[in-house]
Amino acid sequence: MEETKNSPPIQGVVIITLPPPDNPSYGKTITAFTLSDSPTHQQQEEEEPPQQSQPHNQDLNTGVLRASLERSFFFRPKIVFGLLGISLIALSFWSSLTQETVFELRDVEHDHKSSNSSFILPLYPKRGGAWNSRTDDEIKLGRFVDFKPDIFMDQEKIAKSLSAATKLDSSVNFPVRGNIHSEGLYYTCMRVGNPPRPYFLDIDTGSDLMWIQCDAPCTSCAKGAHPLYKPRNVNMIPPKNPYCVEVQENLKSKYCDNCHQCDYEIEYADRSSSVGVLAKDELQLVLANGTRTKRSVVFGCAYDQQGTLLNTLASTDGILGLSRAPISLPSQLASHGLINNVIGHCLRTDTNGGYLFLGNDFVPQWRMSWVSMLNNPFPNLYQAQLMKMNYGGKELRLGSTSYGQGTVVFDSGSTYTYFTDQAYKALISMLEEISSEDLIKDASDTTLPICWRAKFPVRSIEEVRQFFKPLNLQFGSKWRIVSTKLWILAEGFLTISEKGNVCLGILDGSNVHDGSAIILGDISLRGQLFVYDNVNQKIGWIRSNCERPEKVPSPPFF
């Protein structure tokens, strides 16, 4: 409709933007503008210094514009700073109310800020129930060592096996078998080869190399969940390869020109070991947006396992090394430019698995607690400097460490948590006070060194939580105000035995490595998202139910 001569001039415009129908949580946006019919005068006003007085014969509409701006609270500093302070307080309060972690799932396909991608892998527990056997006492922290003569494989025998393997039908596939035994730890599924075949691998942030049990031929292998990986000659990594130089760094005898493969041996903290050769094959990965991609990666073809590995591999096929070493899978994918070198895992407390992601697209940066990574004494492990540790309100001395500072290693390859000798003895002494008519020690239960019997069979830790206090690990500073804290509740250090007793899942780590570090295993890593950011050299955590990634709501007032 055309404007009549008697119509009043437009003084302002209000624009209301409604949220999209599929996501009303964005809220509506209201934008107001005050208009002027004299753009020339308005332009002159903007160009003049703010201190200069305005002429008395200024255009009426321009005066309305200035008066409306002066009345606006955005031009009153006291109100602006007051509102900002209230917003920050409300933001902090809103953040503290929410215990569970949610995630902002950015569309990888349309994210122009980074050319890298991210992968989410589901995790599965290797047991049907709670930790219930001392045979589950498993700790990895693998390191490459020199070879033992009695298990060194004959080179000619391997060459013949590799030649024969090329004649096998590579299209043969077997169905995934269910888990029969309960060995502890968490695993995921990786698809390797062409065509890709599934393999179940234990996730281990304390080990460098990803390896799969391999028919090369196999000297000592466990049953496993799938048929052994069969390498071909083209899969073998030569001794001069940089990855071979890395894994043979501790060898007393250097590589030989006559060798056609790269041999290695890994020894774990629980005295088990794995011997094999390095191979290279395609690894199939699925992006967060469902896109599939393949990359050639180097991994171990393991043909000789000794010790507890033969028990724990009854339902899996190998180990997925996630450490900081260049040969670890995350480091290799990052070197290809496929991901940023960031790893995150979230283990559920109810033994129903969790998830693992590679890449930085699923890190809730603004709500996590962060500490700096240490590069010593174990350069490839995820470790941080511990300043103080309390059980309840009582301090646990860390042992013979410099300036009262200790080291914490985050190890998803260990079932339980290990304390230094002095910290462990101090904790045991403090736990003596919980003995009562309701909860007494049961020496007949040998599941773990210390177990308690209640008046009733314990079905969940919540039923006995009131008898125990949380652990508080302080990083960065001894002063509570400026330190970064990791709280481990009773569910993070207690487990239930087959007898219905509650047992302490913290063990004496005097004989683990040099006994100077506190090692947080799966029992203490559950119920929280842990992120290892190798790009920025920091470790972060936040409480989570670890069920599934969800979108993060936008912070209020931002």
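Keep in mind that glycine also has a Cβ here, set from the backbone N, Cα and C atoms.
Remember, TrEMBL labels are computer predictions, not curated facts.
Database features, via TrEMBL:
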- 1-59: region 'Disordered' (REGION)
- 26-41: compositional bias 'Polar residues' (COMPBIAS)
- 186-542: domain 'Peptidase A1' (DOMAIN)
- ASP204: active site (ACT_SITE)
- ASP411: active site (ACT_SITE)
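Local packing around the active-site residues ASP204, ASP411 was summarised as the count of other Cβ atoms within 10 Å of each Cβ; on this measure the leading residue is ASP411.
Straight-line distance linking the Cα atoms of ASP204 (active site) and ASP411 (active site), rounded to a whole number, equals 7 Å. Per-residue confidence over the domain 'Peptidase A1' (186-542) averages out at a pLDDT of 89.
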